[in-house]
Amino acid sequence: MSTKIAVLGGGAWGTALAAMAAKGGHESWLYARDAETVVAINKDRRNPRYLGDITLADGIRASTDAAAVVTGADAVLAVIPAQAMRNGLSELGTLIPQASPIVLCAKGIEQNTGRLMSEVVAEILPDHRIAALSGPSFASDVARGLPTAVTVACEDANTADRLAALLSGPAFRCYSTTDLKGVETGGALKNVLAIAAGAAIGRGYGASAQAALVTRGFAELRRIGQAMSARPETIMGLSGLGDLMLTCSSSQSRNYSYGLALGRGEDLTSRPLAEGVATAPIAAELCRKHNISAPIIDAVGALLDGKITIDEAVTALLNRPLKTED
């Protein structure tokens, strides 16, 4: 019996996940608002707006009809930007069958409320099972079928295991966990740290400074994870340390690239807004609320707010009181 995976979102990540599902032998449906994108995927097996140089796997059915896409789906992957998740699923969520688990594929914390994506969706669709997919993965790698490993989290262990089995494929390996908030915390906060790493390289501080920022940033991530009741193994795993390593070291990362441009003094007005920009002030406030020492996250928030320069941020970090390493 064939299985159906529905993907909501025709961007790079949504397209890649639809390609992954098709390569796994599933009935793969993709919802996109843009009619030209839908035609191109169905006719030419390409998404001209995203990943235009990649020929997509056979079997993807793209449509502008969200109801047709989600009907009978064994899983619905919500690939909607974090700050648009509430509006997106408020509009589309009523179409999703209650039996279909919703897998959140955006990494971020909602502005104004400070809620994780699962908390946002639980408000909108309280009767649905909610999961999250996160880990070190670039859309272009997944779309090309390059080896990738991620984590699928759901507070219901059986659902987490079923989703991991469903979404795993020839080159896409999923690990399961019930630590939903831990997975989401790592995925959201690494975006902020990636901006710091990119800014250090863009400013010319070198690889040593980059390594120091990532390592000490991970210490902050661990402290925040502990305050959020995340399991240590989750923060040390693919959705925490793994995603941090990838995002803080490659220009394929939108957040790292944003930091690079920031460090180089480039005009940022025409660049796509990186999710870490929205998350930074929320993360800083979260740390203050829980009395967590997070000087790097605080510095990124102040930098993006125009309160300090990169040089001032680095000087302040280097001149903090000496302490034992934690």
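Cβ atoms are placed via backbone N, Cα and C, with glycine included.
What Swiss-Prot annotates here:
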type: ACT_SITE; residues: Lys190; note: active site, proton acceptor
type: BINDING; residues: Trp13, Arg33, Lys107, Ala139, Arg254, Leu273, Glu275; note: NADPH binding site
type: BINDING; residues: Lys107, Gly135, Ser137, Lys190, Asp243, Ser253, Arg254, Asn255; note: sn-glycerol 3-phosphate binding site
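Distribution of Swiss-Prot features across the structure.
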residue: Lys107; record: NADPH binding site; Cβ contacts under 8 Å, 6 or more apart: Ala82, Met117, Ser134, Glu184, Gly187, Ala188, Lys190, Asn191, Asp243, Glu275
residue: Gly135; record: sn-glycerol 3-phosphate binding site; Cβ contacts under 8 Å, 6 or more apart: Thr148, Ala149, Val150, Thr151, Gly187, Leu238, Ser239, Gly242, Asp243
residue: Ser137; record: sn-glycerol 3-phosphate binding site; Cβ contacts under 8 Å, 6 or more apart: Thr148, Val150, Leu246
residue: Ser253; record: sn-glycerol 3-phosphate binding site; Cβ contacts under 8 Å, 6 or more apart: Phe138, Ala194, Gly198, Leu246, Thr247
residue: Arg254; record: NADPH binding site; Cβ contacts under 8 Å, 6 or more apart: Pro272, Ala274, Glu275
residue: Asn255; record: sn-glycerol 3-phosphate binding site; Cβ contacts under 8 Å, 6 or more apart: Asn191, Val192, Ala194, Ile195, Gly198, Thr247, Ala274, Glu275, Gly276
residue: Leu273; record: NADPH binding site; Cβ contacts under 8 Å, 6 or more apart: none
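Here the binding residues for sn-glycerol 3-phosphate are Lys107, Gly135, Ser137, Lys190, Asp243, Ser253, Arg254, Asn255. Their largest Cα to Cα distance works out to 15 Å. Summary: among the recorded positions (Arg33, Lys190), the fewest other C-beta atoms within 10 A of the C-beta are counted at Arg33. Arg254 (NADPH binding site) falls within a helical segment according to DSSP. Residues Trp13, Arg33, Lys107, Ala139, Arg254, Leu273, Glu275 are listed as the NADPH binders, and the farthest two of them sit 22 Å apart at their Cα atoms. A coil conformation is recorded for Ser137 (sn-glycerol 3-phosphate binding site) in the three-state DSSP classification, outside any helix or strand.
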